[in-house]
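Have a look at the structure below before the remarks.
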Amino acid sequence: MSTLSPPVPLENSDNQWRVDYIQDVASNPDFDYPPEFYEHTEILWKDKGVQSTFERSNEYQLIDCAKYFLDRVSVIKKSDYTPSEQDILRCRVLTSGIFETKFQVDKVNFSIMFDVGGQRDERRKWIQCFNDVTAIIFVTACSSYNMVLREDPNQNRLRESLDLFKSIWNNRWLRTISVILFLNKQDLLAEKIKAGKSKLVDYFPDFAHYQTPPDAVTDQGDEPEVLRAKYFIRDEFLRISTASGDGKHYCYPHFTCAVDTENIRRVFNDCRDIIQRMHLHQYELL
């Protein structure tokens, strides 16, 4: 709170000792989350100063699921608490490195290699994953349009994602590998656009003149401005993928929300069909 410019004070200054407890004690690796931790957390989360700080979370690093879990402290603190499906889906651990996942769907074997972190210092490891791949799945957080990188506070996250996409798309070793683009966190993007506090045009001036394409598909509950924003971000990526015009590889965009299981089920079915067609083309069977 004090590091923001301008800083945000607590509404109740008597809560400062609770802040000190969270910062000094709860950050220890062997912390076991006693009852007083949840008490301090609940009280601080209700403080208007903390709420004001949260509303400015794009100015510092805060995990996306923070509000979800802070709103549920009264449930999580119970001794008989069992995580729900949504609780599990919203959990995140900052990880790095390369992981390989193998699974089977409808008797079709899939082997996916991916770096779940995406930090700059991890990207040099990716190239070894790209030998003999059918497709690259590129995931971007659309809600990050007003946020900065953890490793570079001067770089916009979404612009960094666009730059990374461009470097992968134009890599000479990947000119024949198509990309399945997951435009993720559509739920958080919609929340930000509707709130109107962080306007997309302030970070991407070209949005001011952008018109929603006539073939845009409206999802249930999409407001016109939300629809315009999601397609603008999509088209920023497609502009990169169509610039080369070589016809050797393609970009397949999908709007996704990782915590919406039905959405992911539909998207995965589409991607499975795309990957199977790519595989057949690769071996000249189609």
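Using N, Cα and C of the backbone, Cβ positions are placed for all residues, glycine too.
TrEMBL annotations:
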type    : residues                      : note
BINDING : 89-95, 115-119, 184-187, A258 : GTP binding site
BINDING : T95                           : Mg(2+) binding site
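Note on L89 (GTP binding site): other Cβ atoms within 10 Å of its Cβ, all shown chains, come to 16. Sorted by the number of other CB atoms within 10 A, the binding-site residues R92, N184, D187 start with R92, the lowest.
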